[in-house]
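Peer 1: Below are the structure tokens for one structure; questions will follow.
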């Protein structure tokens, strides 16, 4: 029994492992380029079966806890390995021994509490290494990165347990493009630990407290170009001049991101910045100022020197007590050399006039996403304000009048570029006043419905995209670039109004087509972006766009954004791929040809009908059908006459005086139907003929030259022809009153001619002795 249980357990383990392995394989997908993706696939281990074909492997957000020596052994061509956000706590010493081609390694946010230099020794090609978010206290007992001579980006540290930076940690590293250290809970820093790195383009420091900040600053000031401080509380920061003996600084940009600061500590920070002789750019992102802007003027005048700072950027600055904020008059003297200022999304509603006047070197001012209105803007742009200003950005403020905005800015004599997009102007007056040197105006997303003469004619660049424009007819003789996408225009602007235009972006409008003539009218146009419109793919439009090879150089979004909207059977297809049929492209010629062919067919039919009496056949058919539709007064078997006699009026004497006398006076008498005597007056002749034939046992045709020539006889014979012969009966009796040639009988009476050729007919004898026999034969024929 124990043996049986043991076997069952072994089989269960094997089945479980096989299921897990098949699940791992199913969660990994690789393309032909060796890019394998298996992120968020609930993998418990690195899938087996990986070969040298794999070049990139993404196994992030899984449940991998262990990496063995054999997991990646065959991946000799692997260039990128991403294992972030797993549960990795153990990596065997030689796990990466075959990864000499690896360039990108991400082991962030796992459970690696101890780092080993043996992992990284084989990685001679590594340029990116991310070890953030692992619970190690230090960067190992020996230098981890001394063999990584090609390393460019390094990220180390964590928020909770990384407490110590040692001099050996960065030994061997001489140049890095980016170094990020999460030292949020740093408690110990060995001097000159970061000094071993000769050059770092961008250093990012996460530090909750500022205790060790000055020590680190001393080490990096001569090797770092851009220093970024994150998540730091500087409320109690105090600068000690004795802490720094270094004045030869390489730092050109200093960024404070998510930093807390007070009026006093900001003053201390500025004293620190004084030590950076080459500082050109200062940036504050998502910072909190727990103060009211009350900087001590005496200390500022004595200590603070703005140096060479040219660019100041402030984004999303939070001032809890902004309603008590000072006018910054204590900082006026520090602003005279600044050339570029950005204060974005920081609830700015006014720039004091005196401050504006002190910004003598300011060339670029960005006050986007604030609370500026025309009244306060007028105070900010007072006389002698911003004398050097060339670019002013007031995007997404609370401006409402174009006319007032333009008048307010007239004091800025050197202003050439104005961005007032994302304000709600709605309408545009007929005329406006603007600074005389204006070259660029951005009115995108301002809800305007039309453009007027308010637009200055000095413009070289105009952006009116994302509005409600359905017409653009401004004469702008100097305009070189027009951005008018996402409006309601149905055609390209008139080129004669824009003679200098180089760039036109008119995508996502209501344009359905444009022609070669329209494009050629823009003599200077170099770039056109017209995708995203609902194009009618007519033959002319397709011919123009598909045959012009040079058009692809002008249309920068060709061919992906040029889709057909109609005809319906090509909707959604790219214009360059659509092919229309000949009938769609040459409809006029096709219809003309069909009309000509139809005319010739009708003409030919007419000739044939005339030649072969087709009209007669149609008349007979119609007459017969009409007669057949009329109700009969007598049943088809109700015979009233022995014979219906068809004859010419010129032969009436023979019929009435000889034939009638011989037949009707015979005993028993024959009853004959004669049209002169028996037709019902006033009745349609067709009905009389048809009724008489149907009520007669036989039909006697008295043929003569007169019969053939008589219009009446032909008319009578026409309407009796179908009835006589459509059932192939023998009801016809032919009497040849005088010799006539068969050729004299019309061709259309084909059955009559056939009967004369195939059946015996009675011939009126000239000899009186033979006439008695004639009458005997006639009476016998009628009775048969």
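Note that Cβ sites are derived from N, Cα and C of the backbone, with glycine treated the same way.
Under the heading ubiquitin cross-link, Swiss-Prot lists 754. The disulfide bond annotation in Swiss-Prot covers 30-36, 353-382, 432-454 and is backed by experimental evidence. Under the heading N-linked glycosylation site, Swiss-Prot lists 114, 199, 414, 442, citing experimental evidence as support. If you look up Swiss-Prot, you'll see 54-77 marked as repeat 'LRR 1'. Annotation comment: Swiss-Prot describes 78-101 as repeat 'LRR 2'. According to Swiss-Prot, the feature repeat 'LRR 3' maps to 102-125. If you look up Swiss-Prot, you'll see 126-150 marked as repeat 'LRR 4'. Residues annotated as repeat 'LRR 5' in Swiss-Prot: 151-175. Sequence annotations record features per position, and here Swiss-Prot assigns repeat 'LRR 9' to 251-278. The feature repeat 'LRR 10' is assigned by Swiss-Prot to 279-308. Annotation comment: Swiss-Prot describes 338-361 as repeat 'LRR 12'. Feature annotation from Swiss-Prot assigns repeat 'LRR 13' to 362-388. What Swiss-Prot records for 389-414 is repeat 'LRR 14'. Taken from Swiss-Prot, the feature repeat 'LRR 17' covers 458-478. Sequence annotations record features per position, and here Swiss-Prot assigns repeat 'LRR 19' to 501-524. The annotation site 'Interaction with bacterial lipopeptide' is assigned in Swiss-Prot to 349.
I would like each feature placed in context: is it buried or exposed, what are its neighbours, and how far apart are things?
Peer 2: Residue environment of residue 36 (disulfide bond) contains 21 other Cβ atoms, counted within 10 Å of its Cβ in all protein chains.
Other C-beta atoms found within 10 angstroms of the C-beta of residue 353 (disulfide bond) number 17, with every protein chain shown included.
Long-range Cβ neighbours of residue 454 (disulfide bond) (same chain, at least 6 residues apart, Cβ-Cβ under 8 Å): 402, 403, 406, 428, 429, 430, 431, 432.
Cβ neighbour count for residue 114 (N-linked glycosylation site) (all protein chains, 10 Å cutoff from its Cβ): 14.
In the three-state DSSP scheme, residue 199 (N-linked glycosylation site) is classed as strand. Counting every protein chain shown, the number of other Cβ atoms lying within 10 Å of the Cβ of residue 199 (N-linked glycosylation site) is 14.
Classification of residue 414 (N-linked glycosylation site) by DSSP places it in coil, neither helical nor stranded.
According to its DSSP assignment, residue 442 (N-linked glycosylation site) is in a strand.
Long-range contacts of the repeat 'LRR 1' (54-77) within the same chain: residues 30, 33-46, 48, 83-101, 106, 111, each at least 6 residues beyond the stretch ends and with a Cβ under 8 Å from a Cβ of the stretch.
Residues 39, 54-69, 71-72, 107-113, 116, 118-120, 122-125, 130 of the same chain, all 6+ positions outside the repeat 'LRR 2' (78-101), place their C-beta atoms under 8 angstroms from a C-beta of that stretch.
When averaged over the repeat 'LRR 3' (102-125), pLDDT in the model lands at 95.
Across the repeat 'LRR 5' (151-175), the DSSP tally of helix, strand and coil residues reads 4 helix, 9 strand, 12 coil.
When Cβ-Cβ distances below 8 Å are used as the criterion, the repeat 'LRR 12' (338-361) is approached by residues 306, 309-317, 319, 322, 327-329, 332, 367-373, 376, 379-382, 384-389 of the same chain, each at least six residues removed from its ends.
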Peer 1: Tell me the Cα distance separating residue 36 (disulfide bond) from residue 199 (N-linked glycosylation site), rounded to the nearest angstrom.
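Peer 2: About 35 Å separates the two Cα atoms.
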Peer 1: Among all the protein chains here, how many other CB atoms are within 10 A of the CB of residue 30 (disulfide bond)?
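Peer 2: 17, counting other Cβ atoms within 10 Å of residue 30 (disulfide bond).
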Peer 1: At a C-beta cut-off of under 8 Å, are there same-chain residues at least 6 beyond the repeat 'LRR 14' (389-414) that contact it? List them, or none.
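Peer 2: For the repeat 'LRR 14' (389-414), the sequence-distant neighbours (Cβ-Cβ under 8 Å, at least 6 residues beyond its ends) are 359, 362-374, 377-378, 381-383, 420-426, 428-429, 432-437, 440, 442, 454.
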Peer 1: Same-chain Cβ contacts of the repeat 'LRR 17' (458-478) under 8 Å, 6 or more residues past its ends?
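Peer 2: Beyond its ends, the repeat 'LRR 17' (458-478) has Cβ neighbours at 421, 436-452, 484-490, 493-494, 497-500, 505, 510.
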Peer 1: List the residues of the same chain that sit at least 6 positions away from residue 414 (N-linked glycosylation site) in sequence and have their Cβ under 8 Å from its Cβ, in sequence order, or write 'none'.
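Peer 2: Residues satisfying the criterion: 387, 388, 389, 390, 435, 437.
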Peer 1: For residue 30 (disulfide bond), which DSSP three-state class applies?
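Peer 2: Assignment for residue 30 (disulfide bond) reads strand.
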Peer 1: Should anything in the same chain at least six residues away from the repeat 'LRR 13' (362-388) have a Cβ under 8 Å from its Cβ atoms, list it; otherwise answer none.
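Peer 2: For the repeat 'LRR 13' (362-388), the list is 335, 338-353, 356, 394-401, 404-405, 408-409, 411-414.
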Peer 1: What kind of secondary structure is residue 36 (disulfide bond) part of, going by DSSP in three states?
Peer 2: strand
